[in-house]
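Novice: Here it is: the structure, laid out below.
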Amino acid sequence: VVKEKNRMGECPVWEERENALVYVDINSQKVCRWSTVTSEVQSVSVDARVGSVGLRRCGGYVIALGTRFAFLDWDTQAVTTILELEQDKPNNRFNDGKVDPKGRFFAGTMAEETAPGVRARRQGALYTLYPDCSVVKQLDQLDISNGLDWSLDHRTFFHIDSLTYAVHAFSYDVHTGKIACPELVYRLEKEEQMPDGMCIDAEGKLWVACIDGSRVIRIDPETGKRIQTVMLPASRITSCCFGGKDYSEMYVTSACDGLDETALAKEPQAGEIFKITGLGVKGIPQNFYAA
């Protein structure tokens, strides 16, 4: 549905009030918005790699870019820094993020590669930005903090640290936002490659994007079993979310960075955004950052 190629498309968020899909292109340092009404893509350039975006209740967006949290005013394109983190780790940047059921923004960090396939290990952390703009570190010693979401009863937090090749569940206190007691939910099969972004559907099942695996997979967190696979015409599938007027469509982002010329010739749709219909299951609306 979006032919405009993303170097590293990520973090799709359905914005009902705009009938639009908001997402980031990390490596192009852009926050983008695709209108389902006009089919146009608008974008705002920022001064660092931007890992994630969330909706704000008052309008505009909360973003995690470089190693800082910030607000983005879409109309003026102004970026206002909330807080700088990890200034002792110049090679780190924020990656995936999402707003929790009480309006807090969770986002995690990772070390950038210093050469292809080479990165410092266990440099990342997971943070929560509270509505009063305070920040709490929830996890540390992560490799690539990635896909995240909450169970429908708000008692469980799901998280992916990509280099574990697994999805983990944590107990989650909706009142405080604190997480604890990690447990393994699902370990990816070899052909599924590496887990990236993730979302939950209205039946409480998880959808995980498999980067280099050309697919999204549906997992039952109760049984730890994969129950569905949807293959896509690009290998570097990065994230997914539900959207459309009744949240029955799934939007899937992809990347073209990381593919050589031969691979790009075989994958003319690498970096595009796809829409999956007919899944027979709906998603749930996005949460809004409460400030």
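Each Cβ is built from the backbone N, Cα and C atoms, and glycine gets one as well.
What TrEMBL lists as active site, proton donor/acceptor is ASP196. The divalent metal cation binding site annotation in TrEMBL covers GLU10, ASN146, ASP196. The substrate binding site annotation in TrEMBL covers ARG93, ASN95, GLU113. Annotated domain 'SMP-30/Gluconolactonase/LRE-like region' per TrEMBL: 8-255, in sequence order.
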Novice: For each of the binding-site residues (ASN95, ASN146), count the other CB atoms lying within 10 A of its CB, then report the residue with the highest count.
Specialist: ASN146
Novice: Can you give me the same-chain residues 6 or more apart in sequence from ASP196 (active site, proton donor/acceptor) with a CB-CB distance under 8 Å?
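Specialist: Expected: ASP96, ASN146, GLY147, ILE160, SER162, VAL208, ALA209, CYS210, ILE211, ILE237, THR238, SER239.
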Novice: Suppose we draw a 10 Å sphere around the Cβ of ARG93 (substrate binding site). How many other Cβ atoms does it contain, all chains included?
Specialist: 22
Novice: Residues other than ARG93, ASN95, GLU113 within 8 Å, Cβ to Cβ centroid, of the substrate site?
Specialist: ILE26, ARG49, GLY51, ASN92, THR109, MET110, ALA111, GLU112, ARG119, ILE144
Novice: Rounded to the nearest angstrom, how far is the Cα of GLU10 (divalent metal cation binding site) from the Cα of GLU113 (substrate binding site)?
Specialist: 18
Novice: Validating a neighbour-count step here. Other CB atoms within 10 A of the CB of GLU10 (divalent metal cation binding site): how many?
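Specialist: GLU10 (divalent metal cation binding site) is surrounded by 26 other Cβ atoms within 10 Å.
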Novice: Just to verify a number: CA distance, ARG93 (substrate binding site) to GLU10 (divalent metal cation binding site), in angstrom, no decimals.
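Specialist: Distance between the two Cα atoms comes out at 14 Å.
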Novice: Please give the average pLDDT for the domain 'SMP-30/Gluconolactonase/LRE-like region' (8-255) in this predicted model.
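Specialist: Overall, the domain 'SMP-30/Gluconolactonase/LRE-like region' (8-255) comes to a mean pLDDT of 97.
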Novice: Within the same chain, and leaving aside GLU10, ASN146, ASP196, name every residue whose CB is within 8 angstroms of the centroid of the CB atoms belonging to the recorded divalent metal cation site, in sequence order.
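Specialist: Going along the sequence, the neighbours appear as CYS11, ASN95, ASP96, ILE144, GLY147, ILE160, SER162, GLY197, ALA209, ILE211, THR238, SER239.
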Novice: Taking the residues ARG93, ASN95, GLU113 listed for substrate, what is the greatest CA to CA distance in Å, to the nearest whole number?
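Specialist: Farthest-apart Cα atoms in ARG93, ASN95, GLU113 are separated by 13 Å.
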Novice: I'd like the number of other C-beta atoms within 10 A of the C-beta of GLU113 (substrate binding site), please.
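Specialist: For GLU113 (substrate binding site), the 10 Å Cβ neighbour count is 12.
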